[in-house]
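Colleague: Okay, handing you the structure first.
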Amino acid sequence: MWRLLATLSCLLVLTSARSSLYFPPLSDELVNFVNKQNTTWKAGHNFYNVDLSYVKKLCGAILGGPKLPQRDAFAADVVLPESFDAREQWPNCPTIKEIRDQGSCGSCWAFGAVEAISDRICIHSNGRVNVEVSAEDMLTCCGGECGDGCNGGFPSGAWNFWTKKGLVSGGLYNSHVGCRPYSIPPCEHHVNGSRPPCTGEGDTPKCSKTCEPGYSPSYKEDKHFGCSSYSVANNEKEIMAEIYKNGPVEGAFSVYSDFLLYKSGVYQHVSGEIMGGHAIRILGWGVENGTPYWLVGNSWNTDWGDNGFFKILRGQDHCGIESEIVAGMPCTHQY
């Protein structure tokens, strides 16, 4: 009996020690600790020579903000496959495969929205309309309803803005694609790269209601509108059904410092301090080595994670990933 109690006491001490261990964010020690746990994912370095203030600024989703009306449940009427990847389901929609870069700005709330909106315009126009919806237009012109620009915002406000005011086209930084391409440059995560260094500084650009020189139609004529915006219940099957029927959605979750080190596998939080809320685009699901996951596109460039994508534990609202799902439907009659 005493031997059993001693063993249990040791286990409790070890468990407590594991949860209370501190490793500096982005450190070799945290990478090694995660990998020694033999969990469902592998850690490695994605950021080099960056300020922690920059990394925290990337996490610009304000969690628990205003809620959109919840759409009616319909998952019971849908036969859902074990795995689903929107990139394969709609191969003629190139934006689904695209990974963007939010730069030194807490604009993830805008990126998750415009990425999923771009995908849905293509999907619901049966591939006739391929447009990169402008993150710049969303970030700079939405105003207080969306939060505070580069200092963080609400995914729900972003989708509501799309239905009320519409969004113009706009590609990546320096792409000269669309009416209002992104104006904040990608920054350098690596040691010997050519991009400017990543800092935590960065003001929200001004709202400009004109397209870049040489682009037509006009700003007003280039607007793409949503006909509805809504939240999806914190329910695994309802989220799956929404993606399966209508396309990628925007979600948000709590980021811990171990997530910054994600390289492959199915992420689940192991150790590290909280960094903030982060908005992303969920485009599918599956099962890897017995672990169910969501397939997610990030906005930290293709040199982060698994070519810019990651997988995260599905079905347990892990880090709140299932509690902030928002989406909407484009006005396809305008096409």
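Note that Cβ sites are derived from N, Cα and C of the backbone, with glycine treated the same way.
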Colleague: According to Swiss-Prot, one residue among N38, N192 carries the annotation N-linked glycosylation site; which one is it?
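Modeller: Per Swiss-Prot, N-linked glycosylation site applies to N192.
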Colleague: Among C179, C198, which cysteine is annotated in Swiss-Prot as forming a disulphide with C187?
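Modeller: Cross-referencing Swiss-Prot, the cysteine bonded to C187 turns out to be C198.
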Colleague: Look at the disulfide annotations in Swiss-Prot and name the partner of C150 from this list: C93, C105, C207.
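Modeller: Looking through C93, C105, C207, the record in Swiss-Prot gives C105 as the partner of C150.
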Colleague: According to Swiss-Prot, the disulfide involving C141 connects it to which residue among C93, C179, C207, C211?
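Modeller: Out of the candidates C93, C179, C207, C211, the one Swiss-Prot links to C141 is C207.
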Colleague: Could you identify, going by Swiss-Prot, the member of C211, C227 that forms a disulphide bond with C331?
Modeller: C227
Colleague: How far is it from C211 (disulfide bond) to N298 (active site), counting Cα to Cα, in Å?
Modeller: 27
Colleague: For the disulfide-bonded residues C93, C150, C179, C211, C331, which one has the sparsest Cβ surroundings, going by other Cβ atoms within 10 Å?
Modeller: C331
Colleague: Between K220 (N6-acetyllysine) and C108 (active site), how many Å separate their Cα atoms?
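Modeller: Given the Cα positions, K220 (N6-acetyllysine) is 25 Å from C108 (active site).
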Colleague: Do me a favour and check the Cα-Cα span between C331 (disulfide bond) and C122 (disulfide bond); whole Å is fine.
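Modeller: C122 (disulfide bond) has its Cα 11 Å from the Cα of C331 (disulfide bond).
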Colleague: So how many other Cβ atoms are close to C146 (disulfide bond), meaning within 10 Å of its Cβ?
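Modeller: Step by step: centre on the Cβ of C146 (disulfide bond), count other Cβ atoms within 10 Å, giving 27.
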Colleague: Check the Cα distances from C207 (disulfide bond) to each of the recorded positions C108, C142, C227 and keep only the ones within 10 Å.
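Modeller: Checking Cα-Cα distances against C207 (disulfide bond), the recorded positions within 10 Å turn out to be C142.
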Colleague: What does the structure give for the C-alpha distance between C142 (disulfide bond) and C150 (disulfide bond)? Integer Å is fine.
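Modeller: Spelling it out, the Cα of C142 (disulfide bond) and the Cα of C150 (disulfide bond) are 12 Å apart.
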